[in-house]
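The annotation region 'Disordered' is assigned in TrEMBL to 1-21. The domain 'EF-hand' annotation in TrEMBL covers 85-120, 121-156, 169-204.
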């Protein structure tokens, strides 16, 4: 999917403006899954119709059938982390995109998540991130879930990170996380605790602003 995001900064081929809608409507009828109309997606996201057209062409190039399953998602995502194993993190990321738990990601799923990550409010971005870490979707993040995600991130970054990571680094990371975020010391982190703690952390807040001007 990173290849799809990369299309945001590229110029599309010159085409007659009057043909754009007709061409895009034709393209949408030629795939197995037909996305919602551009007008509806424009209303549901923070993207303009032109931006949605660019995103759709990029998505269709990567996923001609109109949907992407988990195996394909992992293959695409792993290309951007050649020195590590991105499969575990891609699995969790795929589940976060697949909000309907259907086993596949449609263009609507992809562009809705991207809208939040790139153009959403701070609260929306933090809610989406919380849902990524809440693996079993019970409304809480426990240490086991956090450890699984953090270990997946370390595996994705690979053995060539500098300085070299110690084998107990994920556990230390999680312990520090809970020390800060588990305000009432009940062993789990709620959405409110997560949002409050992130808003108090300047590094996290800066990282949320990184991609706001990608498009």
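Cβ atoms are placed via backbone N, Cα and C, with glycine included.
Keep in mind that what you see is a predicted model, and the values were worked out from it rather than measured.
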Model confidence over the domain 'EF-hand' (85-120), averaged pLDDT: 94
Helix, strand and coil totals (DSSP H, G, I; E, B; other) for the domain 'EF-hand' (169-204): 25 helix, 3 strand, 8 coil
Secondary structure tally of the domain 'EF-hand' (121-156) (DSSP, helix then strand then coil): 26 helix, 3 strand, 7 coil
